[in-house]
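Now, the feature entries from TrEMBL:
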BINDING   A:39, A:40, A:41, A:42, A:43, A:44, A:45, A:46  GTP binding site
DOMAIN    A:35-205  domain 'CobW/HypB/UreG nucleotide-binding'
REGION    A:1-23  region 'Disordered'
Ligand SMILES: Nc1nc2c(ncn2[C@@H]2O[C@H](COP(=O)(O)OP(=O)(O)O)[C@@H](O)[C@H]2O)c(=O)[nH]1
Ligand SMILES: [Mg+2]
């Protein structure tokens, strides 16, 4: 469960201290909530988007922007899986720089988001999937209201320990593919402990989309975020 | 050079330019460009055609921006550039970057332009920003002439792994031509929009259309 950050800290001058971002993302009443999903290639971002579409699609008006470097493949996957109407998926080309498109120059993504909002009035949630990138790629707050960072156990149990802004500052860290932990000899306990150490009080969810294809815990987290939005 | 022009020419300016290759990706996919030596004529040709057209309209837009032209004038300028851009894919790419430029900059003059067309062509948006900042038509024209080369040059480094120093040397070699193009544009900056020059780049138009078709079916990393 996300912890509401209401109490105040004395100013911390330790430049290495990790704390939740004290500034709430600017919310814009009346428009869809924008949720970024980032993380390395193959960690399960698209699979999570599909799971969220299945879990929330019945109750929430939603649409998806996908930035995968091979753009149309992800969009095709979502269309093919039948989880989302084709007109609710926009693909964005990132000019070989997926992190640029979600962080430094968000124009193309904002264009895609605005296009979806224009064509589907009443949208409540727009999920933006980043192209697979390294651990330093995070979404700009000019583009999303909240972000999930997805890593997987197959990437090695040292990933959370490596840190980087994705692991340390994302609003939610998802450790995916826990069904594979034994095969790849990843110590899940170490991953979770490291993740909490790196992230302070920010939440961490472990999941397997093989075991729970509708990502119930992440879906519940998203529902809470939507409910917390000013109407 | 006016600082507003420097800002617009900077690859870090967040106006969406990084995702456009100016036809280079399609040329690479067809095997037309695979080394520094094929890149040189591609860049030079692009500068003298698409670059020159962009420079002419950026100069005219800066001229209009300086005297705070009305909605009708902006609409006319935009329509005239549309008429000189036969490829729908090129129009889309240009308008995406024009919209990106307006999004990244806010100014009263730009509100008038946005009222005329919320997704103006890129050279017009660039010219409007420079003119609104009291920059000269020459600054705007030089900016888009430079961008006509620097965009595909950077795309070539990313797509082909070319030596960035060798590619930058190609850009550097074109600097006198950029000035020639900008000077030509400046001579027309105050011309009635309908009478502005219309240099064409048929090859680039066809590459843009092919790029668009292919991006529906196969992998394309750039938007144009
Ligand atoms: N075993 C297992 N495979 C998964 C899980 N989640 C995703 N995958 C698979 O991992 C691969 C990459 O997933 P994808 O969602 O495309 O990753 P993305 O690059 O982050 O978008 C696909 O073959 C998925 O089916 C999981 O929880 N367990
Ligand atoms: Mg993906």
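Cβ coordinates are placed from backbone N, Cα and C, and glycine is handled just like the others.
Keep in mind that TrEMBL annotations are predicted by a computer and have not been checked by a curator.
A map of TrEMBL features onto the structure.
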residue	record	contacts (Cβ under 8 Å, 6+ apart)
A:39	GTP binding site	A:45, A:130, A:132, A:149, A:150, A:151, A:166, A:174
A:40	GTP binding site	A:132, A:133, A:134, A:135, A:151, A:152, A:155
A:41	GTP binding site	A:132, A:133
A:42	GTP binding site	A:132, A:152, A:154
A:43	GTP binding site	A:132, A:150, A:151, A:152, A:155, A:176, A:177
A:44	GTP binding site	A:150, A:152, A:174, A:176, A:177, A:209
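A Cβ within 8 Å of the Cβ centre of A:39, A:40, A:41, A:42, A:43, A:44, A:45, A:46, the residues given for GTP, is found for these other residues of the same chain: A:132, A:150, A:152, A:176. Chain B comes within the C-beta cut-off of under 8 angstroms for none of the binding-site residues A:39, A:41, A:42, A:44. In the predicted structure, the domain 'CobW/HypB/UreG nucleotide-binding' (A:35-205) carries a mean pLDDT of 91. Checking the binding-site residues A:39, A:40, A:41, A:42, A:45, A:46 against ligand 2, the ones whose Cβ sits under 6 Å from it are A:45, A:46. The number of other CB atoms found within 10 A of the CB of residue A:46 (GTP binding site), across every protein chain shown, is 22. When Cβ atoms from all protein chains are considered, those within 10 Å of residue A:45 (GTP binding site) total 29, not counting its own.
In the three-state DSSP assignment, the secondary structure recorded for residue A:45 (GTP binding site) is helix. DSSP classifies residue A:39 (GTP binding site) as coil under the three-state reduction.
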